[in-house]
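*Asks:* Have a look at the structure that comes next, please.
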Amino acid sequence: MFADVKCPPVCPRGGAFGSTPLCPPSCFHYKGALDVFYKIIRQEGFFRLWRGTNAGLALAVPTVGIYLPCYDIFRDRLEGYLSDNAPQLMPYAPLLAGSMARSLACITCSPIELARTRMQAQKGIPMGVKPPGMWKTMLGVLSPKTEPTPRNFQGLRVLWTGVGAQLARDVPFSAICWATLEPVRRYILGMVGDDAKAVNILGANFSAGFVAGSIAAAATCPLDVAKTRRQIEKDPMKAMKTSTKQTLTNIWRDGGLRGLFMGVGPRVGRAGPSVGIVVSFYEVVKYLLHQTQTAS
């Protein structure tokens, strides 16, 4: 009935309390990153673009706190072992250390990642109505509204729905990222020389992180699409029974190569700067702490 109707600049609403969007079906089909931004603002308001920020921060702090220090520990120990026993494998130490550290961080923080993904995927919430927060979203995963009684909580393992797809995405991402970042960082710092100051360390690590994060994000985009599809699945039994391979097969069948790389632009645009910012500030804090300790 809406086939020939063009959407107005602001999505009109009707029904009870104006909670039902009165838009043609084309309003809910996205053609690219800019189209997503435009339609979310029109349908749900400008500030919905920051939906899930609190869960994102709650995820980022423990993830980085586990990931980067563990990476340093694993890398140093691997390099120490390989230098004595298999020097030819030394270039692979960052790859292995990044994979192990990321696996540990992913498994630990997977429930928060699930809540964040669910929060960002929610649709149809009326303007002015506060959507459920992180903890309420996690409780909703444990005891969905489709259950006959609230006491029918599912096993806690449902909070780790999609962790396999997340590991399948994040472990290769980390492996590619660190295998690229370390040589680029060493090359840039080598040009600076022994006089490296905080500003030089910041710039070298940001540049290396930006390049490495962009390459890794583009390479692992299909796995990110599969992870998101599994985590926004409303049927918990179906989500737990469907493997990452099956999800990728379904995506390929429905959308081909374009479906597998859906959202690659925003993913690369986010991953490059975020990896650069996190790694550069982490290394600067390490440098300043080292300088303080040396001075004392």
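For all residues, glycine too, the Cβ spot is worked out from N, Cα and C.
Found this in TrEMBL, in case it helps:
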REPEAT    6-77  repeat 'Solcar'
REPEAT    89-187  repeat 'Solcar'
REPEAT    200-288  repeat 'Solcar'
*Asks:* Quick check on the repeat 'Solcar' (200-288): DSSP residue counts for helix, strand, coil, in that order please.
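*Replies:* The composition, in the requested order, is 79 helix, 0 strand, 10 coil.
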*Asks:* On average, what pLDDT score does this prediction assign to the repeat 'Solcar' (89-187)?
*Replies:* 75
